[in-house]
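Enquirer: Handing you this structure, nothing more for now.
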Amino acid sequence: MNAAVDQVGNERDAHVVEEICGYVTGIPPRSFFLFAGAGSGKTRTLVEVLRRITGVVEHAAGGIYASKLRVRGQSVRVITYTKNAAKVVTSRLGENRLTEVSTIHSFCWDLVKGFDEDIREALIAKNMEELAKAKAHAQSKKRGESDTDRRKYAELEAKAEELRAIPTFRYHPDQNTYGEGALSHQEVLRVAAWLLCERPTLQRIVQDRHPLLLIDESQDTMRGVLDALFDLTTIRPGHFTLGLLGDHRQRIYPDGHVDLPSHIPPTWARPALQMNHRSRERIVRLINAIWEADIEGRTQSKIGVAQHPRSEKQGGKVRIFVGDTANTTSVKLSFEADCARSMAQITGAEAWSANQKSFKTLALEHKLGAKRGDFYNIYCGMALLDKEAATPDPNGERMGPAMVRPLLGGLLELAECVRPDGTLDEFAAVAVLRRHNALTKLPSEHAARAVRLAELYEAISRFAVLCHRTEGAQVKQVLAPILEANVLPADSRLVGAYWDERPPPPEPEREASESKEDRQRRGWHLLMNAPWAELARYRTYLGGEAPFATHQVVKGSEFKHVMVVMDDEEAGGNLFSYDKLFGAEILSKDDKDNIAAGKETTIDRTLRLLYVTCSRAEESLALVLWAKDTNSALTAINACGWFTADEVVVLP
Ligand SMILES: Nc1ncnc2c1ncn2[C@@H]1O[C@H](COP(=O)(O)OP(=O)(O)OP(=O)(O)O)[C@@H](O)[C@H]1O
């Protein structure tokens with residue numbers, strides 16, 4: 001941070017763009033880490049720097065920098081965390097041939113694609129590393145190697161053999177790739193990181209193409225790639241500059257460096273943004289306090305910059321509601337509705353009222369969101385079929401499991417053609433059928449064609465009646481006329497499940513012991529018997545448009561009014577614990593071992609997650625804690641100093 005700068009008020013960060021331009025265009029240029037907290041306007045800063053150093057905005061040193069890029073056929077490479085973020089940067093930047101913006105997966109694939117020999121070598125090297133690690137681990141055990149260990153060695157050796165026989169590798173940054181030579185998203189990052197360390201030619205290529213690489217959300221960037229890029233700044237100094245933007249307080253994913261600031265080389269510049277342009281004063285004060293908290297079980301350092309709200313953003317409301325997690329889900333939901341009503345009174349904002357309900361609810365786990373959004377049965381069914389495809393991603397691009405086609409596509413589109421009075425908008429329905437290639441196989445002979453059209457009409461009319469009578473109708477019933485008359489192209493697995501009369505297998509005692517086939521049969525059964533009305537709500541959730549989201553998926557977003565639901569009991573899992581954070585549960589032996597070893601703890605992870613969720617709110621924030629032990633939680637909450645007495649509400 002440039003200590004000479006003493007600006008106050010909303011303009012206190014005004015010098016940062018210029019400061020960064022100075023580092024980038026300096027001779028020699030200097031790498032930097034921009035510490036940019038929640039709502040500090042990272043994107044704006046990034047775009048303003050890019051505009052200057054690519055000659056869009058007049059800037060003496062920037063103009064020279066841009067000419068050099070042009071003459072050398074180079075560009076500035078910008079890496080964002082999501083595709084959406086890449087689109088935001090690109091759209092704000094406008095047409096700019098000197099900048100290339102993409103996700104890290106696209107960047108890494110651009111580097112390695114086509115170099116099949118190298119990819120193979122990298123994969124085999126990683127495989128050998130894993131084998132050596134497995135052997136070292138097994139041999140360190142008191143009883144020595146077990147049969148399981150030997151099986152693992154054999155699997156890894158077989159995998160290496162397989163890799164040797166693969167001629168070409170395939171990958172797509174935006175979708176999962178399957179079959180021989182298909183690389184996973186993780187593998188592409190690992191391969192690129194390995195090759196960047198091992199191949200001087202690749203290092204040269206990156207430096208020659210992109211003398212400057214800027215990485216947004218660097219706290220969550222895979223550390224292997226980041227380390228390889230750190231090294232690149234020291235090979236041929238002056239030829240490659242790295243600019244990291246980020247906030248380690250907002251690290252959500254386990255891939256990033258545990259403590260990014262401590263990895264930044266001492267020679268780097270460290271500018272910082274101190275403003276929070278997003279949230280009102282009360283919320284900014286809360287997130288500052290959260291980060292400064294001394295909580296038993298915290299091992300992460302308090303390094304960070306306290307934020308300042310904009311001068312016109314005084315006020316803001318915060319409440320924490322504490323209730324007993326032993327309540328049933330329906331009781332909890334009704335209390336949460338009371339919390340929203342209470343927020344409506346406190347803030348006077350219509351958004352919290354039962355009529356509008358336009359606040360955003362953030363839950364830790366999809367199941368919590370699914371219960372609150374009333375699509376629990378559908379979600380559980382989809383998750384059993386294919387967990388990854390069933391959950392939304394930060395780009396809102398997930399389509400649900402491929403095997404349920406046409407449930408989430410054509411079928412819901414057809415349902416939208418049913419008017420509120422139950423009649424069918426035939427014109428719109430034909431357009432849906434056309435879009436989904438349902439009319440391409442009509443018989444050419446006149447009479448047969450008429451018969452088939454009548455059949456389709458009959459099926460869709462029955463479907464419209466069933467759709468309209470949504471109360472109580474199950475997916476299987478509504479699907480029946482469409483599948484039986486073969487109206488829309490359907491996945492064979494869906495068709496098989498529809499005709500499958502067998503009862504579902506029982507729920508296993510341990511998830512891991514269940515076969516994929518049994519799991520999917522249970523999924524199909526749940527899905528077919530789920531209320532039809534849940535399907536549309538689930539699709540909205542998948543697209544990121546629902547008023548519910550998980551804590552992790554809202555990275556980079558902002559909402560006027562936010563309700564954070566914290567309920568360890570319902571969420572399951574042991575990576576996070578709001579009960580431990582808020583004193584409703586004592587630390588476990590594992591937690592204590594981690595603290596003693598200075599490792600990251602449940603408290604560290606949960607504190608950061610809370611930091612991220614609270615910092616999404618602009619105007620008002622309701623925290624709802626469903627605690628295992630409400631009395632202990634209340635004692636800890638009253639003692640922590642984050643809230644005033646009138647901000648703590650006990651749910652009866
Ligand atoms: N200089 C500024 N003046 C006024 N408003 C700003 C300024 N910079 C950013 N904002 C606004 O503040 C909000 C937060 O900005 P932005 O989303 O870029 O923050 P961020 O640093 O990416 O935050 P996070 O890391 O929390 O996602 C946005 O609504 C943005 O329009």
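Please read every residue number as a count from 1 along the shown chain.
Just so you know, glycine gets a Cβ as well, placed from its N, Cα and C.
Remember, TrEMBL labels are computer predictions, not curated facts.
Pulled these features from TrEMBL for this protein:
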{"type": "DOMAIN", "residues": "15-312", "note": "domain 'UvrD-like helicase ATP-binding'"}
{"type": "BINDING", "residues": "ALA36, GLY37, ALA38, GLY39, SER40, GLY41, LYS42, THR43", "note": "ATP binding site"}
{"type": "REGION", "residues": "497-520", "note": "region 'Disordered'"}
{"type": "COMPBIAS", "residues": "499-520", "note": "compositional bias 'Basic and acidic residues'"}
Enquirer: Count, for each of the binding-site residues GLY37, GLY39, GLY41, the other C-beta atoms lying within 10 angstroms of its own C-beta, and report the residue with the smallest count.
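Expert: It is GLY41 that, of the binding-site residues GLY37, GLY39, GLY41, has the fewest other Cβ atoms within 10 Å.
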Enquirer: List nothing but the one residue from ALA36, ALA38 whose Cβ has the fewest other Cβ atoms within 10 Å; the candidates are the binding-site residues.
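Expert: ALA38, out of the binding-site residues ALA36, ALA38, has the fewest neighbouring Cβ atoms within 10 Å.
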Enquirer: Can you break down the compositional bias 'Basic and acidic residues' (499-520) into helix, strand and coil residue counts using DSSP?
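Expert: Going through the compositional bias 'Basic and acidic residues' (499-520) residue by residue, I get 9 helix, 0 strand, 13 coil.
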Enquirer: Let me check the 10 A CB neighbour count of LYS42 (ATP binding site). How many other CB atoms are there?
Expert: 20
Enquirer: Find, for the listed binding-site residues SER40, THR43, the residue with the lowest Cβ contact count at a 10 Å cut-off, counting only other Cβ atoms.
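Expert: Comparing Cβ neighbour counts within 10 Å for the binding-site residues SER40, THR43 gives THR43.
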Enquirer: Check the DSSP secondary structure of ALA38 (ATP binding site), expressed as helix, strand or coil.
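Expert: It is coil.
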Enquirer: For a Cβ distance below 6 Å to any atom of ligand 1, name the binding-site residues from GLY37, GLY39, LYS42 that qualify, or say none.
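Expert: If the test is a Cβ under 6 Å from any atom of ligand 1, the answer is GLY39, LYS42.
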Enquirer: Quick one: average pLDDT across the domain 'UvrD-like helicase ATP-binding' (15-312), no decimals.
Expert: 92
Enquirer: Give me the sequence-ordered set of same-chain residues, not including ALA36, GLY37, ALA38, GLY39, SER40, GLY41, LYS42, THR43, with a C-beta within 8 angstroms of the centroid of the ATP site's C-beta atoms.
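Expert: Not counting the recorded site residues, we get THR45, ASP247, LEU273, MET275, ASN276, HIS277, ARG278.
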